[in-house]
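Enquirer: The following block contains the structure, expressed as structure tokens.
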Amino acid sequence: MDDPDCDSTWEEDEEDAEDAEDEDCEDGEAAGARDADAGDEDEESEEPRAARPSSFQSRMTGSRNWRATRDMCRYRHNYPDLVERDCNGDTPNLSFYRNEIRFLPNGCFIEDILQNWTDNYDLLEDNHSYIQWLFPLREPGVNWHAKPLTLREVEVFKSSQEIQERLVRAYELMLGFYGIRLEDRGTGTVGRAQNYQKRFQNLNWRSHNNLRITRILKSLGELGLEHFQAPLVRFFLEETLVRRELPGVRQSALDYFMFAVRCRHQRRQLVHFAWEHFRPRCKFVWGPQDKLRRFKPSSLPHPLEGSRKVEEEGSPGDPDHEASTQGRTCGPEHSKGGGRVDEGPQPRSVEPQDAGPLERSQGDEAGGHGEDRPEPLSPKESKKRKLELSRREQPPTEPGPQSASEVEKIALNLEGCALSQGSLRTGTQEVGGQDPGEAVQPCRQPLGARVADKVRKRRKVDEGAGDSAAVASGGAQTLALAGSPAPSGHPKAGHSENGVEEDTEGRTGPKEGTPGSPSETPGPSPAGPAGDEPAESPSETPGPRPAGPAGDEPAESPSETPGPRPAGPAGDEPAESPSETPGPSPAGPTRDEPAESPSETPGPRPAGPAGDEPAESPSETPGPRPAGPAGDEPAESPSETPGPSPAGPTRDEPAKAGEAAELQDAEVESSAKSGKP
């Protein structure tokens, strides 16, 4: 600012400012009065007059328009040099607002204007005689029919409720013409109207409307509506400096509109707001830079506060309505605490790359509790989702856990099985305590250990049976039957009822220290029930043959059983399919895999009850043999059992008695001597 004394905005005392203004502006006082009068001339000469301030301002780049400064300072100080005319008791402005006379020249009553000119924008734009009557001033204008406002009329304007109501309606009429709407009469809050775009365009093209807005602001301050001034000025500062929607109004808003506010505190707030949003700030000439930097406004008005209210109230489907209310501003009372923290872009949630399916599923469930998310899944559905995700990411060669549907099928198959109390109790506890979708992964036995075990068992059988063809054929049949569910060298591992891994492949020989299975015994051969594992199966036993109690390993399955044989319920692994069975062969319910079928069973044969693993069936037993209920694994099908085979007692450990050893030696010798096929 070149001359801060001509503006009392930042002065401590108004009287000192007036003295300084008289001292520094003594030479230009008359010219300032003439410019003030010329600023409110008749509208017929408004357009040429509006071009002169802009050309004058362009020649004063980097400095302030002092003519506007003096004009507004004179208005704020109530025209100290103005000599009021003798009106002889005439009050034309009061008569017009009382709807007693028409405005001149060629005018109409005020009620006609307020009621019929609301949407007639062409008439409001082209008629240049009504504005001096709607918003009278104490300054004379070019329309000599419109008389200046007197102090007596000012007092009546302020005291008459009827006149105040019409004055507010006239203010709303002109706001609508400019694309603005009055939102609150009490505070003076204004905002964009629905048709603001077209009206703003007209406001940019027709610069004489800037003079009309200056007159409106001055008249509001004169006639007791000062609280309407600051919100309207704030609106234009936002539109010109922040949104840059009204470039044709920008200079007038800085030179005239801001300094039409008579309240010094509000005026300082507006100047500081303009300084904050003016670019470049170093060229701001409407206030002292040092005082603007030190100034701390009591309320921090935010230029986009009106837009936030529009977003809250406006309908989302109406772009005109959204745009019309985007520039809403607040009055002095509403500007306190109006600051708003802009919401930046929200960062996207980053999921760790090494997160497994369980962590990702938990993240999905945690994110599902938001407002726009579906309801959280039940525990059962959550576990199913986890199981499906783990199955998708599991390699195809790796066996996956049992699903809930598979466990349910197993439970249904077990309903008809006659299990022992110990196995039923153990299986029920372990199945009930295990989650359906979280079965224990099976651990396969090393291939080398399994091959060594099979070779050792085979050697035991070969030593007992010699080089007889019967033993060789029986071993071949046993290997063929055992290899059908799982190929040799790739044994199939399964799960028992209580989740313990068990071998489904048939064992070819007993462990060391356990009695081997006799073969080729002419007498009846009772088969003992299986212990932890089934005993090996005898082959070609024409007569009854007592068998010792089984040890930890299962007995191999016999073949060619002429008599019928009811099969007990299967364990976790299936029995082989029956073939060449002339007699009836009832099959027990299947557990995890189908039970093996007996082959060539012409006569009935009861089987003994199984232990933890099923006893393999003896071969070539001509007599009937009762079948007992299966344990954890199914009993393999017997074959060629001509005589009855009563079942002996079951033991988990091999028999150590001397009788069993002697009986075994006798059987081995008899089988070696007899060369029966």
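For all residues, glycine too, the Cβ spot is worked out from N, Cα and C.
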Enquirer: Based on what Swiss-Prot says, identify which of Ser484, Ser525 is the phosphoserine one.
Expert: Ser484
Enquirer: With Swiss-Prot as the source, identify the stretch among 114-130, 267-283, 437-453, 658-674 annotated motif 'Bipartite nuclear localization signal'.
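Expert: Comparing 114-130, 267-283, 437-453, 658-674 with Swiss-Prot, motif 'Bipartite nuclear localization signal' matches 267-283.
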Enquirer: Which candidate in Ser349, Ser496, Ser579 appears in Swiss-Prot with the annotation phosphoserine?
Expert: Ser349
Enquirer: Looking at Ser315, Ser577, which one is marked phosphoserine in Swiss-Prot?
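Expert: Checked Swiss-Prot: the phosphoserine annotation sits on Ser315.
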Enquirer: Do you know which of Ser207, Ser403, Ser423 is annotated phosphoserine by Swiss-Prot?
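Expert: Per Swiss-Prot, phosphoserine applies to Ser403.
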Enquirer: Hey, which of Ser54, Ser159, Ser219, Ser299 does Swiss-Prot call phosphoserine?
Expert: Ser299
Enquirer: Quick check on the record annotations: which of Ser8, Ser307, Ser382, Ser488 is tagged phosphoserine by Swiss-Prot?
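Expert: Annotation hit in Swiss-Prot: Ser382.
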Enquirer: Considering every residue in the repeat '4' (577-596), what is the mean pLDDT value?
Expert: 41
Enquirer: When the motif 'Bipartite nuclear localization signal' (267-283) is classified with DSSP, how many of its residues are helical, how many are strand and how many are coil?
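Expert: Counting residues by DSSP class gives 14 helix, 0 strand, 3 coil.
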Enquirer: Within 10 Å of the Cβ of Ser382 (phosphoserine), how many other Cβ atoms are there?
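Expert: Counting Cβ neighbours of Ser382 (phosphoserine) within 10 Å gives 16.
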